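Student: Below is the structure I would like to discuss, written out as structure tokens.
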């Protein structure tokens, strides 16, 4: 019962200490752990004095060297307990069972497989011995064919074959077993797959054939004699010497690499053979062979097959001499084709020889390159561990777990360890002498760590631990649970011996983790630089050919980079294809025309659906596009600012000179003064861009202000209105209806104000008072100048002007200036805003898409408002 409770207490304390670097275990060190310890002391039957002696003996060492405290059963329990430890990142305990036997089994299996299938080093000696055995069997089998050596060689051959059968049988069994180290040959299905390999089938066949030969021995019966011929099957054992087929692979690669050359040589040689054989057959088929007595014998070239035999022997430079041409014609043909055919028959031998030489050289170079694999793998591993040991990367845990299992961590100096060990042994001896249950008490105090060892050998004495113990690092981590428990006990008892010896209880493993990690980090940096240096040494060129190849590769890479850079530069600075159609010719006869594709309402940078050509996507094309946009914006801003300044100037003039005064003597005097001060009249220059007679390109007319509607439209013909037209009431009644239209619309010059000076009126009856219903010439002159100012608004409506980027709002409200004693609506109230009828570019070339307002298109204006011209309507 006490043992189970101690396990639970140790597990609770260890879990709290190991979880977050002492956070859980140190939360209540004097409360929970002390209470649990007191309960366990009562359960195991310890007296208070015994506990104090044990604490006095073991308290000072718990937080300094845990390996000495655990050595009581550490050797035995290390083989059986599940290894648990806390990682360098203070994670939860990890359970990683070490399968030493399994690893050893796999290592031996891999070693045997490599020795039999991929021999290197000492394994080549075994294969050389097998080759000598096979060669000896073959030599003895040849000697048995001699009568004088048949008996002796037969006896030795029987012994050697028996030995070879055992050797080859054991080797075959080892091959089948060792093949399990490969993933594709694991299990009985994988072993069957391995046994179906060609060389394994050859071994099985030779073993089966050798067993009956050895069984019958040297008997003289017919069965034994017939079975002895199977001994020559041992020649097939020579094939098994090259288990990996390197020879055949080399020959096959040479033939495949020069297959076209070989086919060409064999093809031309075959054509030469059949042609020469046929011609010699035609010439020599009717020539009989003469013997020594002069008698005729059968012809040497009786058939075409005889001629082919002669051609093959001759062109292959063998020359048996059994068949030769007898006539001079045949000899001439044979000599001619021999000079041609021999060269082509000998050509494949040279091709194969050069191909094999090149392949051998390539294999040597490949072996040289294979030497880079290990340094490259070491460099990659060192680079990863150098990266994984970055203290800022808290998510990389696997590398720290690796060091947890391989790093030996000596906590103290050697002299401190020896002194502490000797002093602890003395104290433990005194405790054991005073209390025979001391050893059991120690074991039960450390039950969470050494349960199995305490149960089997409770009276084992602790032994000092050397600094090379592989379990020291992991064991020290497991001591944290006891360290927290011991710190709580020391806090309650106030052990003076701890203070005298100068060891603090707060010296835990967490204090050493940053130092250990920094040391590991430094080692990783050094190893990374070392492996990098080794890898650079292996990059040295193999021969001059490698140097030339490296220079050639570098030159090609440099050329490709230069070409790429040149392409990018050309793309940036070379103008691409034009993004817009060709400019249209400017229209003749118009006072002012805009460049094509640059209408104020249709900006040049706005993409059009009708444009088929793609825009230039180069950097220079984009620069040009932005420059055009900025230029167009500048022109629009200049236009708007100029128009605004002109408008404000005229407003200031009107405010200054038309403000009503109370001291006006009479209408006649006022008109006289105004005539003296103002002599300029507003003129509107209209030009019809439509086709027609160019006699009057411009027409001048004057418009009185009382004939102007709210939006600047005239009720009657301007010429008639200036010469004593009807009253304003009658003029308002004659305003144009919405249904009236006009045939032609003028094109007004942009930003053009022409003031016609020195204009006088001959009829004094037209002059009226300044406050009468009829407008005086001075008022007409000023009002006409402001109401019908020939400012081209560049086809910009009110909304566009209000959104103008210049910041000037043309349609901004201003103070109403009243010109008249009645205080009613005056012309200034009606003309505060620029009328849409005053916009200019409503001609066909610049008419925007979509419906336009009637005031802009002129659909609601009659033809009588424009000056009559000679143009046909």
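Even glycines carry a Cβ here, placed using N, Cα and C.
Relevant sequence annotations retrieved from Swiss-Prot are reproduced here:
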type	residues	note
COMPBIAS	11-26	compositional bias 'Gly residues'
COMPBIAS	588-601	compositional bias 'Polar residues'
COMPBIAS	725-741	compositional bias 'Polar residues'
COMPBIAS	844-873	compositional bias 'Polar residues'
INTRAMEM	304-316	intramembrane segment
MOD_RES	82	phosphothreonine
REGION	1-41	region 'Disordered'
REGION	357-538	region 'Mediates interaction with calmodulin'
REGION	575-603	region 'Disordered'
REGION	723-742	region 'Disordered'
REGION	766-873	region 'Disordered'
MOTIF	317-322	motif 'Selectivity filter'
TRANSMEM	122-144	transmembrane segment
TRANSMEM	155-176	transmembrane segment
TRANSMEM	195-214	transmembrane segment
TRANSMEM	227-245	transmembrane segment
TRANSMEM	258-283	transmembrane segment
TRANSMEM	328-354	transmembrane segment
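Tell me about the surroundings of these features in the structure.
Tutor: Non-local neighbours of the intramembrane segment (304-316) in the same chain are 269, 272-274, 276-278, 280-281, 284, 323-324, 334, 337-338, 341-342, 345; each lies 6+ residues outside the stretch with a CB under 8 Å from one of its CB atoms.
DSSP assignment over the motif 'Selectivity filter' (317-322) gives 0 helix, 0 strand, 6 coil.
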Student: Mind looking up the mean pLDDT for the motif 'Selectivity filter' (317-322) in the predicted model?
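Tutor: A mean pLDDT of 85 is what the model gives the motif 'Selectivity filter' (317-322).
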Student: Please report, as numbers and ranges, the same-chain residues at least 6 past the borders of the transmembrane segment (328-354) whose CB is under 8 Å from any CB of it.
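Tutor: For the transmembrane segment (328-354), the nonlocal Cβ contacts are 254-255, 258, 261-262, 265-266, 268-269, 272-273, 275-276, 279-280, 283-284, 287, 311, 314-317.
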Student: With contact taken as 3 or more Cβ pairs under 8 angstroms (pairs 6 or more apart in sequence), are the transmembrane segment (122-144) and the transmembrane segment (258-283) in contact?
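Tutor: No, since the transmembrane segment (122-144) and the transmembrane segment (258-283) share fewer than 3 Cβ pairs closer than 8 Å, they do not count as touching.
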Student: Sort out for me which stretch, of 195-214, 227-245, 258-283, has the most Cβ pairs below 8 angstroms to the transmembrane segment (155-176).
Tutor: 195-214
Student: Six or more residues beyond either end and a Cβ under 8 Å away: which residues meet both conditions relative to the transmembrane segment (258-283)?
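Tutor: Sequence-remote neighbours of the transmembrane segment (258-283) are 301, 304, 306-308, 310-312, 315, 325, 327, 329-330, 333-334, 337-338, 340-341, 344-345, 347-348, 351-352, 354-355.
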